[in-house]
């Protein structure tokens, strides 16, 4: 029995905003746990002071993020493959559970004063954190791809940043009043709430599929989308309705056979033998050049911003507030401003891209803000700099992250986002280690900020290439490419064809 329907149009489901209303809470607990080490940097340093020097602590502390990222170069491919084969629902619940399990292990590691146990917990929870966001994006895209995708994904990002804001605000206070173990254990509570919301989300999605499959012939919808890959949606839109050459009543079986033969041919060699290629090789052949440029550009921006966040409490304490446990509260409050700006602006920028497009232009602006805000943080009181840094991350998310949906087929979205995650985790694996090494060598975070600014400058160069490719392909990042003909827009591209609807 079929378990997933990646080509199914859900944008007409009457309770789709209710689905989104529960789904957005899944990331809150995940990102609350992600930023716990950052919010408690000074407290953790004092906790380990009896067994290691501050310099050694900085290197081990950087490993909490580097090992997290290194493992997630590979682990998301597993969740992405499960998503493409079994659907989004099982992955959503599984990833929330992994975050909770990893956080429990992390708390135990803190209790033991063992970075090895803490690393294990971060790897497990990191798998869940890094997989829940792309799975959430692919989960909601069939509900909103036609009209409010940027806003819906931006709303998810707002709740992700809300989790980070709560971490930066609550954890230092909990540590100061109740102790370090209570502070790190608070992530388990937030993940329990996320799991409850995830279960409700899955129940609503099952109801949506049940209602829509009563009206839609899914196989005809699927093969219509696959068949349409060979023609330009822009050209299809220019045809007169009477000239649309599609007749499912007479030709649907022929089209199904032809598509199946093409898919089989792609898997076979010249002699008809099955050819098994690694996922990476298949991905290089499957996804367009602009997809890889967008992935690397987003990875550099993301790594640059998150690289700063990892050292933000230490840097702000060193440069502006002084190194005390109380300074964690001040620094955490200032950093939470950046997350608030990111969360607030992402839905707004998402709504802008829904209406006007221009994702490639916004991406250029994001890279510029990222580059210069890193330089400003050291010389100007960080309030304005963090607003600009938060804005750059919001722009990158609203442009690059949501644009991936329009570059690949719906049934390969899991693999596509797994590749994006692998790319930015590859860069993020190196960034915390480099930041920690520069801090240990020079005794200051100044050179670390220079390095993060350089990452933004490289992203700017890539964004120029992306802009040129996007314009040459008639704004493919804004949904004008071949995968605009998706299950969520069949009514637009096949206006006189009702063959995808079941007959009464």
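Placement of Cβ uses the backbone N, Cα and C atoms for every residue, glycine included.
For the transmembrane segment (17-39), the list of distant contacts is 61, 64-65, 92, 95-96, 99-100, 102-103, 106, 122, 125-126, 128-129, 132-133, 136, 139-140, 143-144, 152, 155-156, 158-164, 166-168, 171-172, 183-184, 186-187, 190-195, 197-198, 200-201, 204-205, 208, 309-310, 312-313, 328, 332, 335: same-chain residues at least six beyond its ends, Cβ to Cβ under 8 Å. Per TrEMBL, transmembrane segment is recorded for 17-39 (among others).
Residues belonging to the domain 'Major facilitator superfamily (MFS) profile' (22-471) score a mean pLDDT of 81 in the model. Feature annotation from TrEMBL assigns domain 'Major facilitator superfamily (MFS) profile' to 22-471.
What TrEMBL lists as transmembrane segment is 59-78 (among others).
Taken from TrEMBL, the feature transmembrane segment applies to 90-110 (among others).
Taken from TrEMBL, the feature transmembrane segment applies to 116-136 (among others).
Among residues of the same chain six or more beyond the transmembrane segment (148-170), those with a C-beta under 8 A of the stretch's C-beta atoms are 20, 23-25, 27-36, 38-39, 133, 136-137, 140-141, 183, 186-187, 190, 332-333, 335-336, 339-340, 342-344, 346-354, 394, 397-398, 401-402, 405. What TrEMBL records for 148-170 (among others) is transmembrane segment.
TrEMBL lists 182-204 (among others) with the feature transmembrane segment. Beyond the ends of the transmembrane segment (182-204), by six or more residues, the same chain brings 15, 18-19, 22-23, 25-30, 32-33, 36, 40, 43, 89, 92-93, 96-97, 99-100, 103-104, 106-107, 110, 139, 163, 166-167, 170-172, 174-175 to within a C-beta distance below 8 angstroms of the stretch.
Residues 35, 37-38, 41, 62, 65, 335, 338, 363, 366-367, 370, 374, 377, 389, 392-393, 396, 400-401, 403-404, 407-408, 416, 419-420, 423-424, 426-428, 431-432, 435, 439, 445, 448-449, 452-453, 455-456, 458-459, 462-463, 465-466, 469-470, 473, 476-477 of the same chain sit 6 or more residues outside the transmembrane segment (290-311) yet have a Cβ under 8 Å from a Cβ within it. Here TrEMBL flags 290-311 (among others) as transmembrane segment.
Taken from TrEMBL, the feature transmembrane segment applies to 331-350 (among others).
Look at TrEMBL and you will find 362-381 (among others) tagged as transmembrane segment.
Here TrEMBL flags 387-409 (among others) as transmembrane segment.
Marked as transmembrane segment by TrEMBL: 416-438 (among others).
Here TrEMBL flags 444-467 (among others) as transmembrane segment.
Segment contact is absent for the transmembrane segment (387-409) and the transmembrane segment (59-78), given fewer than three CB pairs below 8 angstroms at sequence separation of 6 or more. Beyond the ends of the transmembrane segment (362-381), by six or more residues, the same chain brings 294, 297, 300-301, 304-305, 308, 315, 319-320, 349, 352-353, 388-389, 391-393, 395-396, 398-400, 445-446, 449-450, 452-453, 455-457, 459-460, 462-464, 466-467 to within a C-beta distance below 8 angstroms of the stretch. Sequence-distant contacts of the transmembrane segment (59-78) (same chain, six or more residues past either end, CB-CB distance under 8 Å): 37, 41, 44-45, 48, 52, 115, 118-119, 122-123, 126-127, 130-131, 134, 279, 306, 310, 415, 417-418, 421-422, 425-426, 428-430, 432-433, 435-437, 440. For the transmembrane segment (444-467), the list of distant contacts is 290, 293-294, 296-297, 300-301, 303-304, 307-308, 311, 314-315, 318-319, 360-361, 363-364, 366-368, 370-372, 374-375, 377-378, 392, 427, 431, 434-435, 438, 477: same-chain residues at least six beyond its ends, Cβ to Cβ under 8 Å.
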